[in-house]
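Going by TrEMBL, these are the annotated features:
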- Cys56, Cys79, Cys82, Cys88: [4Fe-4S] cluster binding site (BINDING)
- 55-112: domain '4Fe-4S Wbl-type' (DOMAIN)
Amino acid sequence: MREGVQRSTTARGAEEGALRRGVPGDWFVDPIMLGVPGVRDDAADHALAWQTDALCAETDPEAFFPEKGGSTRDAKRICDGCEVRQQCLEYALENDERFGIWGGLSERERRKLRKLA
């Protein structure tokens, strides 16, 4: 039991550390775990199932949420090769994501895209 408490504290500490660095703790949503607690759905049936195929899920989130003035080159390079890039961009636009690189575009690039639409 003691080990479980320590693991929980460690996970919480890691999450808080990520928030302090500017990376939202919930930047990646596990689509399988969004349903009823304890019930796992088939990922293909879930609206956010595309996230399980996203290359960014296997990458350091710092690249996708750079400090102001930081480089976005690495994140955009990863997005260029991602098979779910379009779904990611659509999600960001539909949910008004204001931070980070989504679908290969920065916040400013997404704002420009919205204005053109």
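Sequential numbering from 1, following the chain as shown.
Heads up, the Cβ atoms here are built off N, Cα and C, so glycines get one too.
Cys88 ([4Fe-4S] cluster binding site) carries a helical DSSP state (H, G or I). Other than the site residues Cys56, Cys79, Cys82, Cys88, same-chain residues with C-beta atoms no more than 8 angstroms from the centre of those residues' C-beta atoms, the [4Fe-4S] cluster site, are Ala54, Leu55, Ile78, Val84, Arg85, Ile101, Trp102, Gly103, Gly104. Its own atom aside, the Cβ of Cys88 ([4Fe-4S] cluster binding site) has 23 Cβ atoms within 10 angstroms in the protein chains shown. Cys56 ([4Fe-4S] cluster binding site): 22 other CB atoms within 10 A of its CB, across all protein chains. Averaged across the domain '4Fe-4S Wbl-type' (55-112), the predicted model reaches a pLDDT of 93.
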